[in-house]
């Protein structure tokens, strides 16, 4: 904090687990092995796909990128959260908070568009199997990943700029365990309705557009599968999509609950609890879902 004509916030204090002061060491003991297991399973998936030439296919290429994204995603939030569970002073600098929010949004938004690309891959594999190799060549796959990252980068940059150009002069206490959009906005001295509308619209678009693309892909996939002559063929086709559908449901379910609710229905403690699910538990489940299926 800096004193002058007015007090400017130079750091933020996390209060996400303040109501569980007596349980923070137990939470650290619970979350640490989960985090290490997540890192380990994602590392195994990535290394296996890289080393086994039989897995050098578009589906596994997207899976490797997804695992890499989730590894980085958890690294942005979980290590800091674990340190804070054992620390007396749970703070982050103003710049550090901005970097954390930008990186978190970049990876999260890219993740949404990546899931849409994976849905398109399944659509081509099932609806156009004879042209699959042609339509899903290496350059196309890399282009889809690059487009997902470009969209994520642009949206993250706009939202982070809008949030951190606001004045922060009063409270610096975030009722959360990382720099998410809502808790940071709540401690801003004031913000315009335009900036709020832009942020809400961008959050909606980054969830709705990829989800619509996924729904369109699966409408075509289901239409094609029901026309398969054999039950075994239908089962095999559905089974190749099952893992992706489960991950999509978990990802969009958690994200929609946090970012598409009305402000009046938002609870800080509830938000923190849901955030634990998509920063610790979801990245743990995703590699398990794909590993068990593949």
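Glycine is no exception: its Cβ is also placed from the backbone N, Cα and C atoms.
Remember, TrEMBL labels are computer predictions, not curated facts.
From a predicted model like this one, the values you see are computed outputs, not experimental measurements.
Some features that TrEMBL has for this protein:
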type     : residues : note
TRANSMEM : 26-47    : transmembrane segment
DOMAIN   : 41-290   : domain 'G-protein coupled receptors family 1 profile'
TRANSMEM : 59-78    : transmembrane segment
TRANSMEM : 98-120   : transmembrane segment
TRANSMEM : 140-164  : transmembrane segment
TRANSMEM : 197-225  : transmembrane segment
TRANSMEM : 237-260  : transmembrane segment
TRANSMEM : 272-292  : transmembrane segment
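When Cβ-Cβ distances below 8 Å are used as the criterion, the transmembrane segment (237-260) is approached by residues 59, 108, 111-112, 115, 118-119, 122, 125-126, 180-182, 203-204, 207, 211, 214, 218, 221, 224-225, 228, 271, 274-275, 277-278, 282, 285-286, 289-290, 293-294 of the same chain, each at least six residues removed from its ends. Taking pairs at least six residues apart, the transmembrane segment (197-225) and the transmembrane segment (26-47) share fewer than three Cβ pairs below 8 Å and do not count as touching.
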